[in-house]
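First the structure, which I've put down as structure tokens, then a few questions once you've had a look.
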Amino acid sequence: MTSDPTASTLVSRAPFEGATLLLVDDESGVLNALRRLFRGQGYTVLLASSGAEGLQVLAQQPVDLVLSDMRMPEMDGAQFLAEVRQRHPQAVRLLLTGYADIGSTIAAINQGEIHRYIAKPWNDPDLLLTVQEALRRRQLELENQQLLAQVQAQNQALAELNQGLEQRVKARTAEIEQINDMLEKAYEELNENFMVAVTVFSGLLEMREGAVAGHARRVAALVKRMGPHLGLDERALQEVYLGALLHDIGSIGFPDRMLGKPLSLLVPEDQIRYRRHPKDGEAALMPLARLHGVGRIVRQHHERMDGKGFPDGLEGEDIVLGARIVAAVSDYDDLVHGAMSAQAHSRQQALQTIRGGVGTHYDPRVVEALEAVLAEPDPQEREDECIEAIQLRPGMVLARDLLSAKGALLLAAGYVFEERVIRQIREFVSSEGVRLTLHVRRVPGDAAPRLTPPRSAAATPATATTATASPELRHA
């Protein structure tokens with residue numbers, strides 16, 4: 001060994017104070033020399049005189065660095081360091097050898113995976129630097145392990161956080177979807193109730209119409225069928241449908257003498273009043289924001305394509321499409337039911353009259369759509385089932401409006417029958433001694449026998465839906 005009294009000044013103080021060193025050599029003089037060298041460096045120094053004793057020390061307390069001699073009895077340095085590697089891999093391993101046998105050193109390197117080997121005699125400053133370097137490497141490895149553990153812990157925490165967030169997002173999304181479903185259902189119910197309210201109100205208006213009761217509902221039914229032919233989306237079709245139901249709302253204040261008379265038969269004063277009813281109708285709907293578009297249809301349904309209509313003298317496409325549709329269909333229905341002239345027209349005659357007004361009174365596209373719909377079988381007649389009141393079951397759906405003989409709406413199409421109403425209808429039929437037939441759509445699985453409508457009812461299209469033998473109730 002080469003001892004240097006200035007070694008402690010040549011080598012800076014160990015930066016790893018508190019590190020534990022295990023020095024293993026069978027020669028006590030070598031151990032004492034090494035202990036003196038590392039004294040004052042801030043290390044905890046442990047000594048062992050054999051490999052077996054060194055393993056016992058390692059089993060009792062942690063060690064940061066092991067410096068072992070190569071040449072020892074029973075267990076040489078290569079064997080000892082190989083055991084250290086197996087049992088305490090965290091300890092840095094150094095070999096101190098005076099052998100000239102390179103093979104033993106290679107075995108120590110391969111089997112013990114030593115950090116470095118140091119030849120005897122050693123140089124004190126070099127040995128101190130070697131130990132410092134080995135401990136620095138060990139410190140870096142520990143820091144890397146700590147950082148790796150920290151990163152892994154953070155990744156795990158992040159993964160758990162992400163999982164928690166994902167679950168919260170899923171839960172929130174499910175909650176939002178549930179709320180949306182509830183809102184959509186509430187909106188559908190509100191919209192359905194709104195449509196029923198408008199239909200009921202329309203029916204109340206028609207209670208004074210007498211022979212032509214049901215005009216607005218007939219117009220609305222035709223308009224609904226024309227929508228696809230005119231490319232109307234659901235929202236636009238609903239607006240035109242409501243416009244058809246309410247297009248004569250401005251006539252609510254007409255005196256009885258004006259009801260059911262063609263315009264040509266009214267006295268001048270009443271004609272002025274009649275020409276004002278589209279404006280009055282729009283004004284009546286103005287407080288309802290949802291019906292502003294419907295109000296425009298009501299105001300313009302008496303305008304003409306040539307600009308000679310009323311109340312504003314609009315022409316062509318300045319008239320909203322909904323009003324052009326209602327104008328043609330309303331006039332067609334009035335012709336068929338004798339509300340435009342002293343005598344009712346057949347369907348073919350009424351359609352021919354409407355064709356004659358194309359370009360002056362009516363929009364050509366609208367008339368084409370009307371012709372197409374009139375040429376089709378009525379889908380209601382295909383899907384409806386005519387039954388007697390005794391055959392009603394809860395859950396059945398009313399396919400056509402149920403009206404009183406005076407045109408008052410009693411139950412709107414689409415009503416789902418419940419036990420209470422069925423009982424009231426049956427009590428009425430029983431007490432009045434009448435036969436009441438209704439058009440319904442059945443609940444799936446309900447297989448009650450179909451009722452064949454009376455021949456007299458089927459013969460005349462205008463009365464095909466009238467309740468048989470009942471002066472009080474009829475279908476629209």
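Indices start at 1 and increase along the chain as displayed.
Quick reminder: no glycine exception, Cβ is built from N, Cα and C everywhere.
TrEMBL lists 447-476 with the feature compositional bias 'Low complexity'. Summarising the annotation, TrEMBL assigns domain 'Response regulatory' to 20-135. Residues or ranges marked as domain 'HD-GYP' by TrEMBL: 190-386. The 4-aspartylphosphate annotation in TrEMBL covers D69.
Tell me what's around each of these sites.
The Cβ of D69 (4-aspartylphosphate) has V24, D25, D26, E27, V30, G77, L96, T97 as same-chain neighbours under 8 Å, each 6 or more residues away in sequence. Secondary structure at D69 (4-aspartylphosphate), taken from DSSP and collapsed to helix, strand or coil, is strand.
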When DSSP states are grouped into helix, strand and coil, how many residues of the domain 'Response regulatory' (20-135) land in each?
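Result for the domain 'Response regulatory' (20-135), in helix, strand, coil order: 55 helix, 26 strand, 35 coil.
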